[in-house]
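As recorded in TrEMBL, the features of this protein are as follows:
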- A:15-107: domain 'FeoB cytosolic helical' (DOMAIN)
- A:128-144: transmembrane segment (TRANSMEM)
- A:164-182: transmembrane segment (TRANSMEM)
- A:189-214: transmembrane segment (TRANSMEM)
- A:198-292: domain 'Nucleoside transporter/FeoB GTPase Gate' (DOMAIN)
- A:234-256: transmembrane segment (TRANSMEM)
- A:268-294: transmembrane segment (TRANSMEM)
- A:300-320: transmembrane segment (TRANSMEM)
- A:302-355: domain 'Ferrous iron transport protein B C-terminal' (DOMAIN)
- A:359-380: transmembrane segment (TRANSMEM)
- A:361-543: domain 'Nucleoside transporter/FeoB GTPase Gate' (DOMAIN)
- A:516-537: transmembrane segment (TRANSMEM)
- A:544-566: transmembrane segment (TRANSMEM)
Amino acid sequence: MTTMAGFAPQIPFSYPAPVEREIAQLAALFAQTPALAVYPARWLAIQVLEGDEALLAEIEAHGGSAVVAALNDSLERLRAVYGDELDIVMVDQRYRFVHEVATRAVTRPATPPATLSDRIDRIVTHRWFGIPIFLAVMWVVFKLTTDVAAPFVDWLDSVVSGPLSRGVSALLGMVGAGGGWFESLLIDGVIAGVGGVLAFVPVLLSLYFALALLEDSGYMARAAFVMDRVMRLFGLHGKSFLPMIVGFGCSVPAIYATRTLDSRRDRILTGLLVPFMSCSARLPVYVLIAMIFFPAYAGQVIFGLYLTGIVVAVGVGALARRTLFGRQPPTPFVLELPPYRLPTLRHIWRQMWERTAAFVRKAGTVILATSVVVWLLLAIPARGDGQFAATPVDQSAFATLAHAVAPVFAPLGFGNWESSGALVTGLIAKEVVVGTLTQVYVGEDAVAEPAAPPSLGEDVVAIVTGFGAAIGDALRALPGIIGINLSAVEAEPVADELATAIQAGLAASSNGHATAAALALLVFVLLYTPCVATLAASRHEFGLRWMLTSLLGQFAIAWLAALIVFQGGCMIGM
Amino acid sequence: MKQTSHPIPLRFVNHGVRAKLVGIQSSQRISRRLSELGFVPGIELSVVADSGSALMIALGDTRMALEYPLAHALLVTVVEQGAC
């Protein structure tokens, strides 16, 4: 930076003489006004001459009558010279300066040739091809996060529930702490809860890989341009699309991303709609339920859920802007589009890593705390004659609590206490639903372990070969993204104890319409009140009133939508 | 090569046609914002794409998305008919 000083004075910058005269006068006056001392005087003079409304208001409020009168005189004199174009003249002067510096430093052809970016844009942002291309890109993203990630999910899951749990159990046995409530807390609470969620790290890695690729290549801004027309259906414009797509990753940064919008109306409306964009924490729940109930169509079902979220947001947006926001017009849509760039693997990897690590940290704190609380509730006997940490699940405090909530969900087909309990804990963070379901269903049979557990050596071999098999499965799934299915033989359902337990639970709660209930449950998870972190963010950004609007509104919408899905599903015989 | 003396809104300029900005017809707030983004009188620009609700404008090396109403507010004269 020190070398800059040598260059600066060679091309002096000044506004036209009449403007400079007024700037000097006003700056001198502002410099003597203590109330305005926080601002550099010359900068303040330039801003108010250009018509900065906030600063003008501040001067009128605190500057005193002499300063206000002098300012009005200055504006009057300049208006006589430039009319209403004073601000444009001043900006223009700055651009001239920049242009002059640039022409002295850079040589370039008089007519800039059409760049590669423009040629790509001719197709990618085409009026009619643009939206189909966008949908195709999104389809690839979702195939990537389901089919390609699935083998790794299965592998991690089996490592956590098999060798890891056994290892910890053996370790506790060695130090003499095995068999008691402490082992139960570690294995059924901590490892089952957090581990069940961590098993979805591959899903998140692939989602964040796709998002980073789209951002770094420059496509994300094009998507905002292409989707502007669609966003108008929500009563918003293309710029709101960016927070919305961030919302597919996590609602919390998406709500903070609304800060880039120009008006409060746009910020709040976008903030209300962001939670309907299905965040990555909901994905583990979809994957689990969809793999159990729709093994052959899991990808399509999940894609459908994402679309459902968007459609509901369109409806809510249309409704909200007619009712909550009256006649306030949206602010104009202007957005700079960066040129296309080849993303670097290093940067993509860093983003994948940082975002996934943030999720894992959350899994280590919020989810760990929730898992322990749920384990405690499960351990405390509320009925029957069970003892602490040895009570049957259906007699635990958790069951009592969940039973109390369950009737709310009865018309939706998932009024069993296991599902409703999981949904309640999902308020802490949506991915916890998976952890809780695992705990309440699998925790039951945790005793039913194989008579002769495999040795440490056998475990290590199983982990390594399992990982190799997962890579093979993922590679085979890659061509499936563009519709070529190499692994037609493996239509194997997730046939573990969790799958059977969930299936049986939903079948009972829905009078045999388990599929309809599963679909209703998925829709409910998609739409219901976001996690506490999102609520905290929306309270921080928009205030308590809007947070409560968001909380209650979404619960009501989710309940209604799930009701329609379940009753409709039963009617068509699901 | 064709020189039109009559200013028209940027919205009605076809793809690939080079045009010169002559003025902004809008509120002071919006004019100021646009000029800050580089839409200053005398600058050459052209339309790269049309999404159906907004135009993508080439403004030097910058590409800017502008909604239709703003493209209506920018008055330009055509400098040269493009190939498209």
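Count begins at 1; order follows the chain as displayed.
Every residue, even glycine, has its Cβ placed from backbone N, Cα and C.
TrEMBL: automatically predicted annotations, no manual curation.
Counted with DSSP, the domain 'Nucleoside transporter/FeoB GTPase Gate' (A:198-292) comes out as 76 helix, 0 strand, 19 coil. Sequence-distant residue pairs (6 or more apart) of the transmembrane segment (A:544-566) and the transmembrane segment (A:300-320) include at least 3 whose Cβ atoms are under 8 Å, placing the two stretches in contact. DSSP assignment over the domain 'FeoB cytosolic helical' (A:15-107) gives 78 helix, 0 strand, 15 coil. Contact between the transmembrane segment (A:189-214) and the transmembrane segment (A:516-537) is not supported, since fewer than 3 Cβ pairs fall under 8 Å when only residues 6 or more apart in sequence are counted. Averaged across the domain 'Nucleoside transporter/FeoB GTPase Gate' (A:361-543), pLDDT in this predicted model comes to 77.
Through the fold, the transmembrane segment (A:516-537) approaches residues 251-252, 255-256, 275-276, 278-279, 281-282, 285-286, 289-290, 292-294, 301, 305, 308-309, 312, 362, 366, 409, 412-414, 419, 423, 426-430, 433, 506-507, 509-510, 547, 550-551, 554-555, 557-559, 561-563, 565-566, 568-570, 574 of its own chain, all at least 6 residues removed from its boundaries and within a Cβ separation under 8 Å. Broken down by DSSP into helix, strand and coil, the domain 'Ferrous iron transport protein B C-terminal' (A:302-355) contains 33 helix, 4 strand, 17 coil.
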